């Protein structure tokens, strides 16, 4: 009996030893990449600049020509208090928020220099969507549930069609003699997540329009809240999968034999400066967004433009300015994986996190925010996800695919321009 136990223990030890050897031999590239990233992080932290307040202001505010539009924010607030012209105020607010969106992206990139590419990519996706999230929370606070739904929907459509389309188109023009390549496996996972988001919006909508609720007026809301919780759990699992199991989605794949790019490698401001500027820009965006939401209905009347067009098309174009620029720059450098991470990653974050998060926040506020996005909007999202999934399935892109996505966005924009805003919620 002791001999049998010894043999069994020896067999177990041998199996454990083999598994350890397999793990060591299977992941040398992963370990090497991790060590290289840690080394580069230590090097960048050592090179962290020590700027004075004046130097930091010059770097962040005065170094970018787009910041010439920053005074339009205070001017919009001045117009708001001096006149009753909602249209002019709305236009000035949109112009004033545009440089803030770009500077939020800049501050996030600077902070990413101290966190690594994986966490940095997630930060880029998160703060890239902060404007839409702030506008949605402000609208929810004012009881404007349809504006919340349309703004979030518009952000998803803008990222999937306009941002990704422009990235494919510009990258395809630069590299016109070849097809650009990206990781097809991550694209398939992303398409699946977007289809799951469509499923979450589809069932409450169908339940409402088929009038098949068990408890009329309450089943739809209860189902929306339950699905929102499920979607938040799914998004948390997706983040864990991408950051722990498949970090290549947010990180840029580089050839060890190639020289690493020095673009934006060394930070221009320190970590705490980046955090402080992020806080300042976020607070200023929150203030402007509050005024902006109040002016939507008045702007719709004065400009004779549907609220759905303002919410779905105009607001997201401004809010996605940072992602738009970032995705195009990556594509023009033949780095499509980070480009997809920005465009598709932002769409997933809005659909799987921001939308259910707003439902939960509305639940806490006592607002009846649900996932019934109406038939027209839900059908638009469903068709868009299908079109984008087809374009991503080959794992290649060119300027023609980008042009088709841009043209699809123009079709969507024209459709919402003639779409009557339904009274709901």
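For all residues, glycine too, the Cβ spot is worked out from N, Cα and C.
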- Query: According to TrEMBL, which listed range is transmembrane segment: 49-65, 66-82?
  - Reply: 66-82
- Task: Would you kindly check 187-210, 222-241, 274-293, 371-392 and say which stretch has the most C-beta pairs under 8 angstroms to the transmembrane segment (66-82)?
- Result: 274-293
- Message: Need a quick answer: max count of Cβ pairs under 8 Å to the transmembrane segment (342-365), which of 274-293, 305-330, 371-392, 399-418 is it?
- Response: 305-330
- Task: Taking helix as H, G and I and strand as E and B in DSSP, count the residues of the domain 'Sodium/calcium exchanger membrane region' (275-416) in helix, strand and coil.
- Result: 119 helix, 2 strand, 21 coil
- Item | Dominant neighbour of the transmembrane segment (152-175) in 88-106, 305-330, 371-392, 399-418, by Cβ pairs under 8 Å | 399-418
